[in-house]
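Step one of this worksheet: look at the structure below.
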């Protein structure tokens, strides 16, 4: 609530505005030069040159005291602002050019008729309003060059290396690269390469896939196929003479009589795993049982394929499986009879080695030779 005892306040002029206040609190107006600049003056200082001319014309139409007052304020503001730089001038020119382009585009859209094509506004339109050597123009030129180089790389993707190789061979005679080693006219199975061990190549050319009907040799190949698990045929073939010496030439009757002391001595003398020695002796005992039931190991194993080798006729090495349904059935029967180290993979390797299946590629000369041997002929 207002107090009626307060003396009536006077009206004072502060910054040209009437302010109601007590008479004792009147403040003298500040001097002309100390008054703060108006926002309109700040805007006029940042306007382009075209607007400065209009401002000057308006100032000339004002009364003299007011013109002097504005001139003094502008001089004071100019002394406080930093001097103009080329960058600030370029920025103002860029803003003005962008505003002009936008205005032209809006007028074009308003005046567009059905079916008319609008003009495309590019950076070239802005370059016309910018002074030569400006930072913005240099940046746009650099971006355009980078884009052109990127398009060129995309267009010639994958060609540069080949072109350089061709250019490097200009004037030089390219020597043909031999596709096979000297003296190798036959196309063996693809897993036989020029870098294969000679022992492995000889095994492929002379034994692998050839039908076997000798019990001692069948016993040997069954043992070597079990030992080969986790190793390769080359290392096994290089130690083949050690296995023959340790197991008495794979004589089934002699190996079946090995005692525990003899097995431990063989393991220490020949560096063989004791479980491998025991498994081999156990399999020799099982072969004796098979002989009593079937007459020979040869009759037993060949009965699974009706005494005729399988011939899948593989064209590629990657198609040769590691086990088949036939190897699984033979493995189950041998496990039932007490054989050891006779899993499906081992039995499939055993079948390949003794000719129960002819897994030579059809392009390999040994494929036909093994087929001829199975038919009663003589393998080359």
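Note: Cβ is positioned from N, Cα and C throughout, glycine not excepted.
Heads up, TrEMBL stuff is auto-annotated, nobody curated it.
Listed in TrEMBL for this protein:
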BINDING   189, 204, 360, 364  Zn(2+) binding site
REGION    1-41  region 'Disordered'
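The Zn(2+) site is defined by 189, 204, 360, 364, and by the 8 Å test on Cβ atoms against their centroid, the other residues of the chain that qualify are 188, 191, 192, 208, 209, 361, 365, 366, 367.
When the binding-site residues 204, 360 are compared by the number of other CB atoms within 10 angstroms of each CB, 204 has the fewest.
Cβ neighbour count for residue 189 (Zn(2+) binding site): 20 (other Cβ atoms within 10 Å of its Cβ, all protein chains included). The Cβ of residue 364 (Zn(2+) binding site) has 21 neighbouring Cβ atoms from other residues within 10 Å, across all protein chains displayed.
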